[in-house]
Amino acid sequence: MKATIPVNSEPVQKQSEMLGLLSSTQSIVKEAVQRLGYKDDMYELLKEPLRIIKVRIPVRMDDGSMKIFTGYRSQHNDAVGPTKGGVRFHPEVDEEEVKALSMWMSLKCGIFDLPYGGGKGGIVCDPRHMSFHELERLSRGYVRAISQIVGPTKDIPAPDVFTNPQIMAWMMDEYSRIQEFDSPGFITGKPLVLGGSQGRETATARGVTICIEEAAKRKGIRLHEARVIIQGFGNAGSYISKFMKDAGAKVVGISDAYGALYEPEGLDIDYLLDRRDSFGTVTNLFTNTITNQELLGKECEILVPAAISNQITRENAEHIQAEIVVEAANGPTTLEATTILAARNVLLVPDVLASSGGVTVSYFEWVQNNQGYYWTEEEVAQKLRSKIVESFDNVFSTAQRHQIDMRLAAYMVGIRRMAEASRFRGWV
Ligand code: GLU
């Protein structure tokens, strides 16, 4: 039987598109470090993770054969506190990607003032072609392989692409067995009955939605008069479309990995949500589809890339009609396109700010696990909102003060505390 559990379904970019991800991240880190007034040694410290482990995980498959999987865990910087970040299960996972993603987690934790550094893990596998029990054995095997370098006060994993609360539950159970005590704080994104937090599933989309509201205010756009295009209909994209509809906006375009739908009068979002499959596919039910690239250039006030990286590039940035771009995906806009959009006065809210709702509620989950006292959905939503509004404001005003784009401003805000903590510890 193949796995039928719902998974985080944002597709991952192909290897060729990932090239340069680490080096482009490093180039912005370098500029941010210089603008903050640090010397080169600070950049030398922050340009790579402090630690990365590569493991080989033997798994007994259902047909009796043995398969060896490769996994990684990268810990970028733990000067502020334990490292934190998801584990992705995907055939395209590699060392370079895991390294860059762990750096982004450091930035997210810095921007949101979470007492963590960044971490990230991944296993090279295709969960779409594995059974429920094979996935369980793989998840447990990964935890056994990395158990010495993770833990509630060392490095706290979470869901990411194609991983979900069930996988977190197996990992938590395996870690608790190894330690011989119950360790809910070892991992976040767990099912509610195992110490998960209210509001974790929708957290990324809620965070993006609050960023859209904040950006719209700055641009003088009223949400109930706005037209919105959302690229990607996975966990983030589908919930964002629902929240935008609830806010009274007109969602005129959506897409999945196979195509896009555009309707100037507004799409029937409830119908689309109802018909999407667990991997976020829905356009296959229609004949009047357009391409993802065509969708990006259509008329709207707000554009939300919530799919894969490198979608807004030097080639199409001039054709974007939106006044606001909010990055729900990791790395959807190239550096060149970021510059073009800024010159055209398009307000771009960068991924490290816009997509941090998930890790923020993960932090709330860990706090609740540590204190053994749990918050209501309203309490979580209210705490998330104040974190996002405060962080947005901080990044926006940094951008204004330095006359720079919001991406560079977000890097400056994200690096500051980690750099200070590293300096106090005597690492530079
Ligand atoms: N994987 C998510 C991210 O990249 C969440 C990480 C977490 O919850 O720790 O932000």
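Using the three backbone atoms N, Cα and C, a Cβ is placed for every residue, glycine included.
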Which of Lys84, Lys120, Lys383 belongs with Lys108, Ser362 in the substrate site listed by TrEMBL: Lys84
Top Cα neighbour of Asn235 (NAD(+) binding site) in the set of recorded positions Lys84, Lys120, Asp160: Asp160
Minimum Cα separation from Asp160 (site 'Important for catalysis'), reported as the residue among recorded positions Lys108, Lys120, Thr204 that achieves it: Lys120
Contacting recorded positions for ligand 1, chosen from Lys84, Lys120, Asp160, Thr204, Asn235, Ser362 when the Cβ sits under 6 angstroms of any of its atoms: Lys84, Asp160, Ser362
DSSP-derived structure type at Asn235 (NAD(+) binding site), helix or strand or else coil: helix
Neighbours of Lys84, Lys108, Ser362 excl. site residues, C-beta within 8 Å of centre, substrate: Gly85, Met105, Cys109, Leu114, Tyr116, Gly118, Ile156, Ala158, Thr188, Ser356, Gly358, Val359, Thr360, Tyr363
Asn235 (NAD(+) binding site), number of other Cβ atoms within 10 Å: 25
